[in-house]
């Protein structure tokens, strides 16, 4: 069991945690030990490997779900892709609705919650352990995951709550209760409550402590070691003013900077690819070859497959249910349209951005290759492909990009901090929605959650709480267990919506305002 | 001939001058004033999750505020002077929206103040007047 925990924690540990004052380390250790004693069994259960493999059942759970939705909706991600783009461009938006949340805005807001460490650190972990071939399987999982997002976000909009004052709340907890009732299934309220508990705990950990921790590690990497609580307090104060003080301007600045960071990251990646244009075909060759042979990584073909699937599932959040919360506020008469828009999310997150990172890592040659056999040199002790300086995670991505541009690590540190911050803002919102679902709306109740959330930022950046973060990761994937069960039960409703929408679209009943 | 005059109005001194200029023209020609207020808005801007949730509510509030605080007093005054007034409050790019409204209402002319938008705003996003004269389907009068 501990093996899985350390594997999961491996990502965090690989990203250099360092910076802890000695006495705090003592407290950390005590908390860790007590926490691990009580929650370790659950973490082990969620991340347990399938018998005889090192493939966790939860990753398989998400990939199988993605495949089922893909077939059930007849490859909606391929057939509907062009329509998705037109919706985001606003071709079908009524000009009289200008001033409402557009499809583009719903998509970018949801994206800013998912694009982040997964795309930078997660990919490096996947390629570092699974070799270039992991990229192929990651892209496949991303492509199939598009159907999962389609399903959950359509339901999110269909069953959202609209309040008299014009605000809206949506997400799995609402479609679970309302959808189950509509179809006459029992247990809706129970599952919804369960989902909310998982969401709150996941928001405090993976959506908060882990992010804060990594932000600190990145800053410390650039400016040198200093106590983590300093970063924590700064981040907490900034977050506090945004989510409690309602100082939206800071959030707005972040929300504006983050997309540009994402675009800039892709552009720099493309530039590196262009600079090495002669090697692109070779790199794709390595990716395809590696996908089926492993090219020397441990486990060969399955080693590559497992890492790829795993990272995709952990990066784009398809099936977790968080996107359904983010997408449900859009102004549309047709819930399906938001499903179409949401399916672009795994595409941008996993297929585009993750692939860029992977290509750059492969092309820049930071992974050591045996010149004679062309296979990667396996560092058995670290359990990954050998690299110069034996780096992994963010450090590996950083090293790859630094081969092309020496200033890149500084930019990457800024990007990681901003990505972390925007992910925290998004998850504070998801957590809050789950919180108000359980305890009811109300200023005081909401403030209580927000204050708790800010406190956890300080804890997250100051302490090295591996087991606590592992537990929270387990919560994140527990959300997926509940959510995917609900999606299976409710997918006929989505099917009905899609059929009706597509028929009307073909008949020209859905008005196109721009062409 | 009773034509329509589209007047961009944002409550500024310059916009008020444009309204009085348009009022004189409309009165002389027995025309109609289409008083337009455009709330600067792009569907491609980035919002926080919180803003997304509250957008519909805020939009309603913004429309009511524009209607009661900005448009109603001016429209009432014009009507007192015996001029027919239509009002429109829209979200969008100011120049594009004014041009679109002049087309949809079949207006003869667009009249705006020289610096209808705040000076800083026009410096950042280019002046409304400049954009408008390049794109408008009808003659424009920029009132100094």
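Placed from the backbone N, Cα and C atoms, the Cβ positions cover glycine too.
If you check TrEMBL, you get these features:
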SIGNAL    A:1-24  signal peptide
TRANSMEM  A:55-76  transmembrane segment
TRANSMEM  A:188-206  transmembrane segment
TRANSMEM  A:226-245  transmembrane segment
TRANSMEM  A:257-275  transmembrane segment
TRANSMEM  A:287-306  transmembrane segment
TRANSMEM  A:347-367  transmembrane segment
TRANSMEM  A:407-430  transmembrane segment
TRANSMEM  A:451-469  transmembrane segment
TRANSMEM  A:475-494  transmembrane segment
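If you look at the transmembrane segment (A:475-494), the same-chain residues 6 or more away from its ends with a CB under 8 A from one of its CBs are 46-47, 58, 61-62, 65, 68-69, 72-73, 148, 150-152, 154-155, 158, 172, 175-176, 179-180, 182-183, 185, 191, 194-195, 198-199, 201-202, 205-207, 319-322, 324, 336, 339.
By the count of Cβ pairs under 8 Å, the stretch nearest in packing to the transmembrane segment (A:347-367) among A:226-245, A:257-275, A:287-306, A:407-430, A:451-469 is A:257-275. If you look at the transmembrane segment (A:407-430), the same-chain residues 6 or more away from its ends with a CB under 8 A from one of its CBs are 109-110, 112-117, 120, 171, 199, 202-203, 206-208, 211-212, 214-215, 218-219, 221-222, 235, 238-239, 242-243, 251, 254-255, 257-258, 261, 264-265, 268, 322, 325-326, 394, 397-398, 401, 450, 453, 457.
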